[in-house]
There are 2 protein chains.
Amino acid sequence: MKELFGSPGTKSGLVLRIGQSLFAASSIGIMASASGFSTTTAFCYLIASMGLQFLWSFGLACIDVHALKFNKDLHNQIIVSLFVVGDWVTATLSLAASCSSAGVAVLFTKDTDICKVETNFSCNMFQISIAFAFASWSLLAVSSYVMFWLLASI
Amino acid sequence: MKELFGSPGTKSGLVLRIGQSLFAASSIGIMASASGFSTTTAFCYLIASMGLQFLWSFGLACIDVHALKFNKDLHNQIIVSLFVVGDWVTATLSLAASCSSAGVAVLFTKDTDICKVETNFSCNMFQISIAFAFASWSLLAVSSYVMFWLLASI
């Protein structure tokens, strides 16, 4: 079994999972503290989706730590299959949430003057939260590709 | 080389590509004929992204027809690698466009009363166009997975 960058039970895999968790948690924190987010479905969905991604990535980070500590091998077909399905579902939901929020943020800031008129909207915080969500998704996309490649080559 | 459902140069692959092209073309047609779409960046991006997807899927459908007619084998690593990259880039852009448009459509219809106030907005047509875009993306997602699986197992 060749050792791929980011595969489960390796240090690079652990770094990827920690990065995903941190970005997802930051995205949730910033969005939840922005005033006016709850009036928009897309922003609420972003929080829900990032919450799911945080739980998933943090859980896998714990499994990676366990595997590294006790020198366990996680490269068997059942475990990798589970990781692939989870990764792809989470990644698709995260991209969907990030893009729908980004569409609404562009509408607020560029297409209309809602951000200028509605002074109680924290438009900058919306944008920072969405940027973190995209960062988290891009790391998850790397993990997902590695997992899928691993499953196909097992 | 095992024959996977939807792999290039097969009848199932051709059906998938034709389906993607038809849904993408329908999405563009409906969105372009809806009044008020040009005021929203997300809807313009949907048209651009579906245009790219139509060109890509239609091009691959033509290649499939050629391969079927002259009994050519498209299962070599360079061709499949090109198809994988193209499929994944197009699929990611299509999902992003569909989701950003869906976010805006939900904002228009549920979160605010823009659809009721702005009578020159064809909100129903926005929704139908977005539904077609999602249908086109889901067929492209099937192709993308098959291509990636094929590349990994070559």
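Yeah, the Cβs are placed from backbone N, Cα and C, and that goes for glycine too.
Predicted, not measured: the structure shown is a model, and the values here were computed from it.
The domain 'Casparian strip membrane protein' annotation in TrEMBL covers A:7-138. Among the features that TrEMBL reports, transmembrane segment is placed at A:21-48, A:78-108, A:128-152.
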The domain 'Casparian strip membrane protein' (A:7-138), counted residue by residue under DSSP: helix, strand, coil: 110 helix, 0 strand, 22 coil
Intrachain residues whose Cβ lies under 8 Å of the transmembrane segment (A:128-152), provided they are six or more past its termini: 4-8, 13, 16-17, 19-20, 23-24, 26-28, 30-31, 34, 46, 49-50, 53, 57, 75, 77, 80-81, 83-84, 87-88, 90-91, 94-95, 97-98, 101-102, 105
